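Enquirer: This is the structure I want to talk about, given as structure tokens.
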Amino acid sequence: MLSSPTKRTVQCTLLVFLLLTGSSLGCGPGRGNARRRRPAKLTPLVYKEHVPSVSEYTIGASGPADGVITRNDPSFKELVENNNPNIIFKDEEGTGSDKMMSQRCKDKLNILAISVTNTWPGVKLRVTEAWDEDGHHEKGSLHYEGRAVDITTSDRDRSKYGMLARLAVDAGFDWVYYESRGHIHCSVKSDSSVAVVIGGCFPGSSLIQTEAGVKSMAEISVRDRVLSMSDNGILEFSEVIALMDLDRSAYGRFFILETENGRRISLTGKHLIYISRNNYTSTSLDSLEVIYADDVNVGDSLVTDENTDALKFSKVVNISVDTRQGIYAPLTKHGTIVVDGVVASCYAYINNNDVAHFVFAPLRLMYDVSEYLKIFILSASDPYESHKNALSTGMHWYANLLYQIGTRVLSTDMLFVH
């Protein structure tokens, strides 16, 4: 039996080997608006089949639940009403709840409605269940946050349901399940996370310290030198080499950690952050752990900056969750970044900061090579910059690729899968 450190080393090495040698190397599917490519001939799903063939709550499908949304919840304002005349809403509750859903769910449903009409003239898409405010579904159901719908055709012809499911896959739903003889279940990723993979996120209002002065996260760009923590615990400036995720208009649910010395950092729940649970008066690296933000407890100590040149531990005195605008995931050469005066990792969803930093080594190498070539090649074009601009909004292809490989070679205790 391999020891835990040895096992992690083997997994990490295998991941990088596959990344560098695998035939799948290329741009991942991203989070953009592109729809799945339509095959030459659509094949109906069979009863109890789901696409993709993983659990609904994994990041490769619709992802984990964010939490129940009630009418009194601040997040209720993020749900939108769908009044598409080409869709029939059952609304047996008489409250209009079946018309309430996330923006992504609405977008995919409207695409599906067009496909249904084109496939079966005179037939419309029918929604039997969308947002659930009455507690009729199992705990953790995406119906509770408007991310799932149960659908049929308006003529309730069950012979059409297999093809209806295939049309839903083609419309871009993130998980489609031929759940029962009476309906098809479809769900989507969260509007707020649309699968933050290994990059992690901060809101646009967060502040960072650059060599040129203080900037908001919304102003960050590749090649900025931002305050970070080095391997030996020294605060120094490190280059931003990529934005692993970027969506200026999206809203996300962020954990807000407040410390005794007045620092307040906002970050997603599965973003890694440095803490100490042993001796918060010490600034020794030996006492540091790197854990998910949603595992931080009141009384834990965060690593905060002190006049941008010294570190100080400060106890967490309050933890809250709020919805904020902007999805930003900067990656520095150091793999760390000081945000709102608190040291955080640049990584998320992989429960080992060293492994996460290691598997991003090829991306750091690509960046260094592109910078080196710029010095010696007189050319107006910059391949790295061009690639960055091409993916200015959405998830970085490298993070997408890492996750696709990681789900095959990393154990579930290392890679977060709901």
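Keep in mind that glycine also has a Cβ here, set from the backbone N, Cα and C atoms.
A TrEMBL annotation is a machine prediction, not a hand-curated record.
On a predicted model such as this, the values are computed, not experimentally measured, just so you know.
Residues or ranges marked as Ca(2+) 1 binding site in TrEMBL: Glu92, Glu93, Asp98, Thr128, Glu129. Residues or ranges marked as Ca(2+) 2 binding site by TrEMBL: Glu93, Glu129, Asp132, Asp134. The Zn(2+) binding site annotation in TrEMBL covers His143, Asp150, His185. If you look up TrEMBL, you'll see 199-306, 308-352 marked as domain 'Hint'. TrEMBL lists 1-26 with the feature signal peptide. Residues or ranges marked as site 'Involved in cholesterol transfer' in TrEMBL: Asp245.
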Enquirer: Sequence gap of 6 or more, C-beta under 8 Å: which same-chain residues meet both conditions with respect to His143 (Zn(2+) binding site)?
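Expert: Expected: Glu129, Ala130, Trp131, Asp132, His136, His137.
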Enquirer: Out of Asp98, Thr128, Asp150, point to the one nearest Asp134 (Ca(2+) 2 binding site) in space (Cα versus Cα); all of them are binding-site residues in the record.
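Expert: So, spelling it out, the nearest of the binding-site residues is Asp98.
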Enquirer: Quick check for the class: what is the C-alpha distance, in angstrom and rounded, between Asp150 (Zn(2+) binding site) and Thr128 (Ca(2+) 1 binding site)?
Expert: 6
Enquirer: Between His185 (Zn(2+) binding site) and Asp98 (Ca(2+) 1 binding site), find the distance joining the two CA atoms and give it rounded to the nearest Å.
Expert: 14
Enquirer: In sequence order, what residues of the same chain, 6+ apart, have a Cβ less than 8 Å from the Cβ of Asp98 (Ca(2+) 1 binding site)?
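Expert: The list for Asp98 (Ca(2+) 1 binding site) reads Phe89, Lys90, Asp91, Glu92, Val127, Thr128, Glu129, Ala130, Trp131, given in order along the sequence.
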Enquirer: Count the residues of the domain 'Hint' (199-306) that DSSP assigns to helix (H, G, I), to strand (E, B) and to coil, and report the three numbers in that order.
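Expert: Its residues fall into 9 helix, 62 strand, 37 coil.
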Enquirer: Any idea what DSSP makes of Thr128 (Ca(2+) 1 binding site), helix, strand or coil?
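Expert: It is in a strand.
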Enquirer: In the same chain, which residues outside the set Glu92, Glu93, Asp98, Thr128, Glu129 have their CB within 8 A of the centroid of the CB atoms that define the Ca(2+) 1 site?
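Expert: Neighbours within 8 Å of the Cβ centroid, excluding Glu92, Glu93, Asp98, Thr128, Glu129: Phe89, Lys90, Asp91, Ser97, Val127, Ala130.
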Enquirer: Roughly how many Å lie between the Cα atoms of Glu93 (Ca(2+) 1 binding site) and Asp245 (site 'Involved in cholesterol transfer'), rounded to a whole value?
Expert: 39
